[in-house]
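Here is the structure we will look at, set down as structure tokens.
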Amino acid sequence: MIRTKNIFLIGPVGAGKSTIGKQLAKQLKLEFIDSDDVIEKKCGVDINWIFDLEGEEGFRKREREVISEILAEKQNIVLATGGGAILDPETRSLLSSRGKVVYLEATIEQQLERTSKDTKRPLLRVDDKRPVLEQLMAEREPLYRSIADVVVETNGATVKNIVNKISTFLVEETIL
């Protein structure tokens, strides 16, 4: 039996899913995919535009469809999901049943620091991001934890250190 090595990175905005995912994929010699990039490429517009036109519900539907398509077409990948991908029950089920789910945990302070100048995140187009981030974490943290095979704290850690922690976990789980 050929074992599929799918690794899914979940977590809040600013946790480093894309940055860590690229390095993890490079180290493990797997393909890296960012679901937000795939959505933008497929739709031909940026995520802000989709949110403005279709709202969050429309975006989440597209996100679920794209993740489902990726998992139907690809194996042996590192997939960085959007921070809210776990809001959809079908997406949670897909991720938890098709690979190892790594929850990259980040504090509100870290999220604020990493998103302070970012204008590409539709839910953070506000003057005071802290209350929004706090609300998002209150809603999403239980969902992240519910499907995570491992939780990796990203605060104060280097990308290399985080990648090594994930790799160690994957070896212990015999996925590598």
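Including glycine, each Cβ sits where the backbone N, Cα and C put it.
Residue environment of Ala15 (ATP binding site) contains 27 other Cβ atoms, counted within 10 Å of its Cβ in all protein chains. The ATP binding site annotation in Swiss-Prot covers Gly14, Ala15, Gly16, Lys17, Ser18, Thr19, Arg121.
The annotation Mg(2+) binding site is assigned in Swiss-Prot to Ser18. Around Ser18 (ATP binding site), a 10 Å sphere centred on its CB holds 15 further CB atoms from the protein chains shown.
DSSP assigns Arg60 (substrate binding site) to a helix in the three-state reduction. All protein chains shown were included, and the count of other CB atoms within 10 Å of the CB of Arg60 (substrate binding site) stands at 18. Taken from Swiss-Prot, the feature substrate binding site covers Asp36, Arg60, Gly83, Arg140, and the record attributes it to sequence analysis.
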Candidate binding-site residues Ala15, Gly16, Lys17, Ser18, Thr19, pick with smallest Cα gap to Arg140 (substrate binding site): Ala15
Whole-number Å value for how far Asp36 (substrate binding site) lies from Ala15 (ATP binding site) (Cα to Cα): 15
Those binding-site residues, out of Asp36, Arg60, Gly83, that come within 10 angstroms of Gly14 (ATP binding site) at the Cα: Gly83
